[in-house]
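Handing you a structure now.
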Amino acid sequence: MPDVDDSIQQLKDKLFKEGLSHKDLVLLTAAHTIGTTACFFMTKRLYNFSPNRGSDPSINPKFLSELKSTCPQNRDVNVRLSMDRGSGDTFNSQILQNIRSGFAVLQSDANLYNDETTRRAVDSYFGFLSPFFGTPFGVDFANAMVKMGRIGVLTDSQGTIRRVCSAF
């Protein structure tokens with residue numbers, strides 16, 4: 001599984017190893033359109049970001065003040081915040097727009113816009129003609145989820161049928 005501090009190359013390596021593409025990486029990251037994270041995962045990005053040990057310069061300045069207000073330094077790191085600014089309760093492509101605009105909450109999400117191939121995949125959902133050409137975001141997301149669901153599946157004699165589903 002990807003880690004919030006993974007570089008874009010680490011993210012790509014982990015997913016490519018499993019047969020997934022740049023576009024799959026972007027789409028699976030977009031699952032963050034729903035849900036929250038803890039301030040714990042933001043501390044380094046807000047207060048101790050390399051190399052200057054300040055804040056991550058890729059964070060939109062307005063958003064940076066919001067994040068620091070929600071996650072003050074040396075305070076409760078268990079405070080929760082939405083991973084998708086503006087629509088955290090709705091499944092949509094807003095998280096990709098947030099990534100484009102410097103409103104990514106997690107470093108690993110922000111890293112998608114620091115790489116040419118993943119940046120193109122993010123941008124592909126927002127071009128002038130994108131609603132007319134290419135598959136819709138929801139369809140692409142579903143296809144990426146199906147691909148991920150096929151990773152490591154054991155079948156035939158390699159698989160195991162559990163008689164009690166809760167037993168491992």
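Keep in mind that glycine also has a Cβ here, set from the backbone N, Cα and C atoms.
TrEMBL annotations: computationally assigned, not manually curated.
As annotated in TrEMBL:
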type	residues	note
BINDING	P2	substrate binding site
BINDING	H32	heme b binding site
BINDING	T33, D84	Ca(2+) binding site
DISULFID	C39-C71	disulfide bond
DOMAIN	1-168	domain 'Plant heme peroxidase family profile'
Fewest other Cβ atoms within 10 Å: which of the recorded positions H32, T33, C39, C71, D84 wins that one? Let me know.
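Looking at the recorded positions H32, T33, C39, C71, D84, the Cβ with the fewest others within 10 Å is that of C39.
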Out of the recorded positions P2, C39, C71, D84, give me the one sitting nearest to H32 (heme b binding site) by CA distance.
D84
Cα-Cα, whole number of Å: the residue listed as 'substrate binding site' versus T33 (Ca(2+) binding site)?
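Pair distance, Cα basis, whole Å: 16 Å.
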How many other Cβ atoms are found within 10 Å of the Cβ atom of P2 (substrate binding site), counting all protein chains shown?
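A 10 Å sphere around the Cβ of P2 (substrate binding site) contains 17 other Cβ atoms.
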If one measures from the C-alpha of C39 (disulfide bond) to the C-alpha of T33 (Ca(2+) binding site), what distance in angstrom results, rounded to a whole number?
17
